[in-house]
Each structure stands twice: as C-alpha cells, then as structure tokens.
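Undergrad: Got these off TrEMBL a minute ago, pasting:
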DISULFID  CYS191-CYS224  disulfide bond
DISULFID  CYS192-CYS208  disulfide bond
TRANSMEM  55-80  transmembrane segment
TRANSMEM  100-122  transmembrane segment
TRANSMEM  134-153  transmembrane segment
TRANSMEM  271-296  transmembrane segment
Amino acid sequence: METTNLDYRSPRTAVLRSPNPGSLLAPEIATAVPGRMSRKQRHFKGAEVSCCVKYILFGFNIIFWLLGAAFLSIGLWAWAEKGVLSNISSITDLGGLDPVWLFIVVGGVMFILGFAGCIGALRENTVLLKFFSVFLGLIFFLELTTGILAFVFKDWIKDQLNFFINNNVKAYRDDIDLQNLIDFAQEYWSCCGAHGPDDWNLNIYFNCTPNNPSRERCGVPFSCCIKDPAEDVINTQCGYDVRRLTDLERQPFIHTKGCVGQFEKWLQDNLILVAGIFVGIALLQIFGICLAQNLVSDIKAVKANW
C-alpha cells in the first residue's frame, strides 16, 4: 500500500507529493500560505474603476467639447470675415464690446474643459481629471462670487451697466455685430438707449449738433421704432428726425423707456426662470466635479493594489 510523504520546504509552506509519478496525486501541488491570495483572486476582489462613472463623464464632456469647438469656430469665422485675423491690432480699435469676444472666450473655456474631462476620463489620466475639477470649481466660485457681489452692490452694478451701454451706443456704427446686438436688445425689451432716446446724442451720427452732416442727425436707430403690424418690410428710416419732437410727440413713433429700466423689469418678471437657469448650470458644474473626483479616487485605489 502506497503512502504519501509531506515535504516541508519552509516553515510556512507544505507541498503534498506522491512518491509514484503515475498516481493521480502526481500533478497536483497544494500550497497553503496563510493570509495570502493569488493574483487572480486579488484582481477580482480588489478596487476597480467604475465604468458607469467613467463613460458618463466622457459623454458629458464630449458634448461640452464639441459645443466649445463650435462656438470657437463661429468666433474665429466672424473675425476672419471682418478682417480681424489679418490685422490683430484692430481688436483694440473698437470702443464698445465686440460680441465675437463672447464666442471666443466662452468657446475657448468650454473647449479646454471638455478636452481635459473627455481625454482624462477616457485615458484615466488623473492629471487631466484634476485640472478639469479645479478649473470647473474655480469657474463655479467666480460665478457664485459675482452673484453675491451683484446682489450686495446693486447700485454700483447699475451704474456700470449704464456706462457700458452708453459706451456701446457711441460705437454703434463701428462694428456690425455690435450694431446687431444693440438692435436686438432694443427690439426685444422695447426700449431706446440706456435711459431714453436722448442717449443717442452720444453717437456722432445721431447727435443734434449743428455741425453734424449726417442724415441721421437728431434721430434714433430703427430698432427704437414702434413697429406697425401691417408693414411687412422694416422701415429703417423710421427714426429720422424723431428727437426734434417733444417727449409727448415721440411716443406714437418710438419707445421712450430706457433699456436699463426695461432690463430690470424683465428680470423681476422672469426671476424664477433666470434663477432656475443659474441653479441648473451650478448643479451641472457640481455634478461634473463630483464625477471627476470619484473617478480619480477609483484610479488611485486601483493603482494602490498594483
């Protein structure tokens, strides 16, 4: 009758062997190592990167990235059409706001954030993910600070808004994009100028000085006019000479309220909508930060088990 022998090779490891190579126990080696597990067991029982978090963050950022690329492309195309790209110094020539800047800045920020979040999630790159989290957190902090300061210093903000609108009134004819933006604002809010039609006296084409040769002298842009529903074609000359009339005589032809007051009224009437938009944006930012931090934690936990 065959007996098995225990070969003790170390104090902690015992190997069970059969003296007969042809027996069924020959190919089997049982190793008992207290407190250890195989590499395969560690793979299944250790930390793993959540695929759900990873691909939600990837999808969230690829949309952000594409939107940023679209805004940036529109801004660069607009500058190319106006010849700004061929003469960079002309960027500072405009006295008012060039609306293309909004597309360039917003598109650039979205593109950078989307790239960092998208590639960071896909490649599980903790550097890009941390950059995404910090940058997004900084934007959230700036938005929160701006909102608080705007609420506390309402009068100062109102004065700055007046100054901003008047500067853009002066530059109305200098840039076609700025002109379209002012026309849209005046039509949408049914207003004219910052405080009223007389603000257009700041513009060299519309002022009432005797030495002004412009045909638009003592007038206002067509966007100040009260539209006639029966007219299919916009009368771009409807504001000519209208400021020669008294305030009462102007009322049937143009809007006499300023855009600052109308904007404040619009904010009060749509406070829930505006607040909902800002809260929604803030929640999206917080959601993105949490996803990125969660993914970074998962990646670090996996690397710690290597």
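Every residue, even glycine, has its Cβ placed from backbone N, Cα and C.
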Undergrad: List the Cα distance (Å, whole number) between CYS192 (disulfide bond) and CYS224 (disulfide bond).
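TA: Pair distance, Cα basis, whole Å: 5 Å.
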Undergrad: Would you mind checking how many other C-beta atoms are within 10 angstroms of the C-beta on CYS192 (disulfide bond)?
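TA: Summing over all protein chains shown, CYS192 (disulfide bond) has 28 other Cβ atoms within 10 Å.
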Undergrad: What's the CA-CA gap between CYS208 (disulfide bond) and CYS224 (disulfide bond) in angstrom, rounded?
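TA: On Cα coordinates alone, these residues lie 17 Å apart.
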Undergrad: What same-chain residues lie close to the transmembrane segment (134-153): Cβ under 8 Å, and 6 or more beyond its ends?
TA: 109, 112-113, 116, 278, 281-282, 285-286, 288-289, 292
Undergrad: Taking the Cβ of CYS224 (disulfide bond) as the reference point, list residues of the same chain whose Cβ is under 8 angstroms away and which are at least six residues distant in sequence.
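TA: For CYS224 (disulfide bond), the qualifying residues are GLN186, CYS191, CYS192, GLY193, PRO197, TRP200, GLY239, VAL242, ILE254, HIS255.
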Undergrad: Can you check which residue among the disulfide-bonded residues CYS191, CYS208 has the largest number of Cβ atoms within 10 Å of its own?
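TA: Neighbour-count leader: CYS191.
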